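> Provided herewith is a single structure, encoded as structure tokens, for subsequent inquiry.
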Amino acid sequence: MRNILLKIYDSKFLNQEESYQLFTLISSGKITDIKLASILTAMKIRGESIEEITGAIKAFLDKMKYFPKPDYIFSDIVGTGGDAKNTINISTMSAFVAATCGLKIIKHCNQRISSKSGSSDILEKFNINLNASPEKSRKTLDQLNICFLFAPKYHDGFKYSNNVRTDLKTKTIFNFLGPFLNPATPPLSVIGVYNKNLINIAVNILKNLQYKRAIVLHSDNTDEVTLYGTTYVSELLNKKIISYQLQPESFGLKMHPKKILKINSLEENYHIIKEIMKGKGSKLYEELIAVNVAMLLKVFGYENLKENTKLALNKIRSGDVYKHIRNVANMLKEDNHARHNT
């Protein structure tokens, strides 16, 4: 451990194994707060390497609680957050639309970081039980194509660093781990990053973690596809990485001149999303969700983005997505009651 600390304090990078050892200790509560603060600060000042981030991810994955992983193909869709845009929860709603289209989605979710409402906050507004047992979540996935794994329920190793991270009041390596810590370890993923410079880092981490296929994207300082600018993409397929750019026309849509209005509260977020999922939302919001679903369909092998967008729009406008949300909530109610009665 001493050699690892000396390397960090000398502004030298750790290899993946050294990082794994360090974060195994951190996730076990074996590093004091003052030492942890110095480690995180030193790493932030010199910048964290792909190998260091990969080692940290593997350390937390090895300590996560069990989830019965399916033997069929499934994906996650997640954003890093941190863009401070306070828009509606695009990735969460895209997951529901994709499930309504027949894709299997296991979404790793957490509480809000910089937005007015995180994925778990909006799910609870829709009465989705995030404390469902792993077995119940898996059953919901099998029958309704989707389940949500709440990060604090599966990753209790983070509790040892929460106070230090709060006191530091700055982004650290921890802020970049979440999208890679899905307890089901999916073979597919779509990840949005808040900074264009993070695309290459994220896609190489996915390669290190041996994802089968994945997309990392960024557009207009947000962690999602937008309709008013260029979307920058790096895609991992068969261990090879390709990069390209997309415009709204790539999805068969027109450029929107105005940007999404900021959301001021959880209640406003919920109301807007509810109307969209009922097929009564604005065209801009419908299309914004649809293009993100199109990228999710792509990692499943549906390569035509224009056709993918049409399929997603049809599902959204039919109102079927809202019905699907209600079905998921109702299926999880039984487990919710059982939890409160034990």
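Keep in mind that glycine also has a Cβ here, set from the backbone N, Cα and C atoms.
Owing to the predicted nature of the structure, the values given are computational and were not obtained by experimental measurement.
OK, Swiss-Prot features for this one:
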- Gly79, Asn110: anthranilate 1 binding site (BINDING)
- Gly79, 82-83, Thr87, 89-92, 107-115, Ser119: 5-phospho-alpha-D-ribose 1-diphosphate binding site (BINDING)
- Ser91, Glu224: Mg(2+) 1 binding site (BINDING)
- Arg165: anthranilate 2 binding site (BINDING)
- Asp223, Glu224: Mg(2+) 2 binding site (BINDING)
> For Arg165 (anthranilate 2 binding site), write down the residues of its own chain that are at least 6 apart in sequence and whose Cβ falls under 8 Å from its Cβ; none is a fine answer.
Leu40, Thr172, Phe174
> Anything within 10 Å of Ser91 (5-phospho-alpha-D-ribose 1-diphosphate binding site)? Look among the binding-site residues Gly79, Asn110, Asp223, Glu224, comparing CA atoms, and list what you find.
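Taking Gly79, Asn110, Asp223, Glu224 one by one, the ones whose Cα falls within 10 Å of Ser91 (5-phospho-alpha-D-ribose 1-diphosphate binding site) are Gly79, Asp223, Glu224.
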> How big is the gap, in Å, between the Cα of Asn110 (anthranilate 1 binding site) and that of Asp223 (Mg(2+) 2 binding site), rounded to a whole number?
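A Cα-Cα distance of 16 Å.
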> List nothing but the one residue from Asp223, Glu224 whose Cβ has the fewest other Cβ atoms within 10 Å; the candidates are the binding-site residues.
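Among the binding-site residues Asp223, Glu224, the sparsest Cβ neighbourhood within 10 Å belongs to Asp223.
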> Which residues, sitting 6 or more apart from His108 (5-phospho-alpha-D-ribose 1-diphosphate binding site) on the same chain, put a CB under 8 Å from its CB?
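Looking at Cβ-Cβ distances below 8 Å from His108 (5-phospho-alpha-D-ribose 1-diphosphate binding site), excluding near sequence neighbours, one finds Asp76, Val78, Leu149, Ala151, Gly178, Pro179, Leu181, Asn182, Pro183, Ala184.
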> What binding-site residues in the list Thr87, Asp223, Glu224 lie within 10 angstroms of Gly79 (anthranilate 1 binding site), counting C-alpha atoms?
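Near Gly79 (anthranilate 1 binding site) by Cα: Asp223, Glu224.
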> In the three-state scheme derived from DSSP, which category covers His108 (5-phospho-alpha-D-ribose 1-diphosphate binding site)?
strand
> Would you identify which of the binding-site residues Thr87, Ser91, Asn110 has the most other C-beta atoms lying within 10 angstroms of its C-beta?
Ser91
> Give me the CA-CA distance between Asp223 (Mg(2+) 2 binding site) and Thr87 (5-phospho-alpha-D-ribose 1-diphosphate binding site), in Å, as a whole number.
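Between the alpha carbons of Asp223 (Mg(2+) 2 binding site) and Thr87 (5-phospho-alpha-D-ribose 1-diphosphate binding site) there are 11 Å.
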> Please state whether DSSP places Gly79 (anthranilate 1 binding site) in a helix, a strand or coil.
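Once the DSSP labels are grouped into three classes, Gly79 (anthranilate 1 binding site) ends up as strand.
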